[in-house]
Amino acid sequence: MAKSLVLSSLLLALLLAAPLASLADNNVLLTGDVLHTDNQLSFESAAFVMQGDCNLVLYNEAGGFQSNTHGRGVGCTLRLNNFGQLEIHSANSNTPVWVSLRNGIPVRGDYAAVLGPDQHVTIYGPAIWSTPAPNRHERGATVSNIPRVRNVLFSSQVMSDNAQLATRDYSLVMRDDCNLALTKGSKTNIVWESGTSGRGQHCFMRLGHTGLIEISDDRLNTVWRSNTVGQEGDYVLILQINGQAVVYGPAVWSTASPARGGASAAL
């Protein structure tokens, strides 16, 4: 299967051009989002596709994944529920065709499925911190060697010296004046900020393995922290296209780890 998935990935990337029905970028599926038939999450050469035959398939260079639901429904869609599970729904049934398993006790909340630089899909959540929603009518110091993603920061990664997350016209910037600022459009249009301008030199922001965001100066003094701490694990900070920066975690499921919750339940 892995060989066929790799050989087909480039062809699918060209054929499946329909946009994701989501308020997130094309590498992220949030709770409440819907991935319609023949739509996909994509990152670089990897694609996570809700196929027309009702099979959910991850095409990558790392072994791939599939839900094994070929022919089990019509007009199938993929959703991320508020317990951190992926659900495949058929247009002709009210019962899910397939639901992913998950680690730990299910907790209701907002989750995020991210197709990351490891070419696997991992679900993080629930959300434990966020900047304020800019529009309520819109929906809702070790440097890691994880490759950088434009709109996502992973646990142990660091931002400094005007590094930023970006999506559409929003940017979350760790400014060289020690202020963490969320801007829309121009650099001067600040939507949210940590309010730490001038409080340190050579400051950096780090996302820890408990979901804590911390700004420190070059002497490792804490300048600001989000004060939201979850259980130990892997977290992500996602800059969403509705202008919110949200921390999700810990990881509860991954296509990379079937023995630890990555297996799936076909109903």
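Every residue gets a Cβ built from N, Cα and C, even glycine.
Database features, via Swiss-Prot:
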SIGNAL    1-24  signal peptide
DOMAIN    26-136  domain 'Bulb-type lectin 1'
DISULFID  Cys54-Cys76  disulfide bond
DOMAIN    150-260  domain 'Bulb-type lectin 2'
DISULFID  Cys178-Cys203  disulfide bond
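Here the features listed in Swiss-Prot are placed on the structure.
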{"residue": "Cys54", "record": "disulfide bond", "DSSP class": "coil"}
{"residue": "Cys76", "record": "disulfide bond", "DSSP class": "coil"}
{"residue": "Cys178", "record": "disulfide bond", "DSSP class": "coil"}
{"residue": "Cys203", "record": "disulfide bond", "DSSP class": "coil"}
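With a cut-off of 8 Å between CB atoms and residues at least 6 apart in sequence, the same chain places Thr69, His70, Gly71, Arg72, Gly73, Val74, Cys76, Ile88, Ser90, Val97 near Cys54 (disulfide bond), listed in sequence order. Long-range C-beta contacts of Cys178 (disulfide bond), restricted to its own chain and to partners at least six residues apart, with a cutoff below 8 Å, comprise Thr196, Ser197, Gly198, Arg199, Gly200, Gln201, Cys203, Ile215, Asp217, Val223. Every protein chain considered, the tally of other Cβ atoms within 10 Å of the Cβ of Cys203 (disulfide bond) stands at 26.
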